[in-house]
Amino acid sequence: MKTFALILADGQASRMGGEDKGLALLGGKALIDHVIDRVRPQVSHIAISTNRNLEEYARRSPHIFPDARQWQHFGPLSALCTAANDLQLATADWLLVVPCDMPYLPDDLVARFETVSKRTPLCNAYYVETPITMHYNIMYIRPQILQSAIPYLFSGMKTLRSWLQQQRARPVRFEFDGHFADLNTQTDLQEG
């Protein structure tokens, strides 16, 4: 089974003072590098969605793309709508979508998603659930469903949660919430 990763690094990072969150340092290393180190052993290809510092991100993966102009400023859905037209991503069996600000993702993230997907073969989308919350921005999806994000966004809807509900996505339970800590502020980075 061929699984690709799409790392979302295209947010405005308003809680980070506008600093490019993916390039913010945690322990002397960029957040996105922590995420790449966690997902690289689990996938066969990594793409990065980013709207700035394209050259810097290209050092990490040759497969980078900014949000298409018509989708900019709609959050993670912008990246999904743009990815819907990416021919290379379309060749994957599954697409792991993760944000660039979660440096502690579990080493068995894809394996857990794969196990559940084999038990529920008619389901095309999954997301992370922990004892504390749902993490809709961590998805395991069939690339074919990305096309549905376009009319969803055109309809005025903007949340990942509602889009995933439309896809009849199922949660996959992870017991340790710490793996999914997102570092959104400079204080988070200092405490991280």
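In case you wondered, yes, glycine gets a Cβ from its N, Cα and C as well.
Some features that Swiss-Prot has for this protein:
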{"type": "BINDING", "residues": "Lys21, Asp67, Asp101", "note": "GTP binding site"}
{"type": "BINDING", "residues": "Asp101", "note": "Mg(2+) binding site"}
Binding residues Lys21, Asp67, Asp101 (GTP) - maximum C-alpha distance in whole Å: 18
Among Asp67, Asp101, the one of these binding-site residues whose Cβ has the fewest neighbouring Cβ atoms within 10 Å: Asp67
Packing count at Lys21 (GTP binding site) (other Cβ atoms within 10 Å of its Cβ): 26
